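Asker: Here it is: the structure, laid out below.
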């Protein structure tokens, strides 16, 4: 074992002071990119979860800082360069052509390379979840949103029409447009549930990691429930809006109650994840056996 490996790892402040030119370089990349993310992504519905993910992701690293210092074994210069150099090239491309998603993803590659260089492969392996979790900060490209929202809108409109028809309501569907009594409702992108699905996935993954970090098998099992629960909760939201429109008029559905229905949907989805976790307790005990 080398003498370097036996030395106590420096604290964060000392590490930053030792490598202040590198810190300035990272900030030169980080600040303009995050300003663009805050301006273009976090102000929209598809990126509303971004600040929460960033803050909780940093907290995940901070809570295990002592562990990171204890296991710190700097990675090889060649390995660090293999991560950073291509990432910098992609970053420059994304920055030059205003591809924010590529730019942020490449910046993550740079930070991953630095993390590996300063803390080593074992630290990166142990911190795999925070590293993956922070990918939710990356803005979703518009073409991805468009390709996903189409099927989601179709699912919501078809399912809502079928359920309400069997409940005795006078509702018909044409594409993603619903006609109930004398009212016409369009299932728009926001009603498709992609935004809530992304936010719910991020929050649920955080909950799963904090609650069941010792059992990755059960965590993976619980993750499989996120999408079905989110889709069901969003269907409930659309049905609520249709019922509000039918009984109280279009003005009520498009006003305060529209936002309220969204909050009810999100709360329902979160409660659904918690209930699944509670009901599946026997499965957790089974899958946790020997899984560390």
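Note that the numbers count up from 1, one per residue, in the order the chain is shown.
Cβ from N, Cα, C; glycine included.
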Asker: Would you please say which range out of 173-191, 192-210 has the annotation transmembrane segment in TrEMBL?
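Answerer: Based on what TrEMBL states, transmembrane segment spans 192-210.
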Asker: Can you name the far-off residues of the same chain, 6+ from the ends of the transmembrane segment (128-145), with a Cβ under 8 Å from a Cβ of it?
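Answerer: Contacts of the transmembrane segment (128-145) (Cβ under 8 Å, skipping residues fewer than 6 from its ends): 37, 40-41, 46-47, 49-50, 53-54, 56-57, 60-61, 100-101, 104-105, 108, 112, 115, 189, 194, 198, 201-202, 205-206, 209, 213.
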Asker: Quickly jot the same-chain residues contacting the transmembrane segment (192-210) by Cβ under 8 Å, restricted to those at least six beyond its ends, or write none.
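Answerer: Same-chain contacts beyond the flanks: 45-46, 48-49, 52-53, 56, 60, 129, 133, 136, 140, 145, 148-149, 152-153, 156, 219, 222-223, 226-227, 229-231, 233-234, 237, 262, 265-266, 269-270, 273-274.
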Asker: Under 8 Å between C-beta atoms and at least six residues away from its ends: which parts of the chain pack against the transmembrane segment (222-244)?
Answerer: 152, 155-157, 159-160, 163-164, 169, 171, 178, 180, 185, 187, 191-193, 196-197, 200-201, 204-205, 208, 212, 252-253, 257-258, 261-262, 264-266, 268-269, 272-273, 276-277, 280
Asker: Same chain only, please: residues at least 6 beyond the ends of the transmembrane segment (44-62) with a C-beta under 8 Å from a C-beta of the stretch. Say none if there are none.
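Answerer: Residues packing against the transmembrane segment (44-62) from afar: 37-38, 68, 127, 129-130, 133-134, 136-137, 139-140, 145, 190, 194-195, 198-199, 202-203, 206, 209.
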Asker: Report, as numbers and ranges, every residue of the chain located at least six residues beyond the transmembrane segment (20-38) whose Cβ falls under 8 Å of a Cβ in that stretch; write 'none' if there are none.
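Answerer: Apart from its flanks, the transmembrane segment (20-38) reaches 47, 50-51, 91, 95, 100, 103-104, 107, 110-111, 114, 137, 139.
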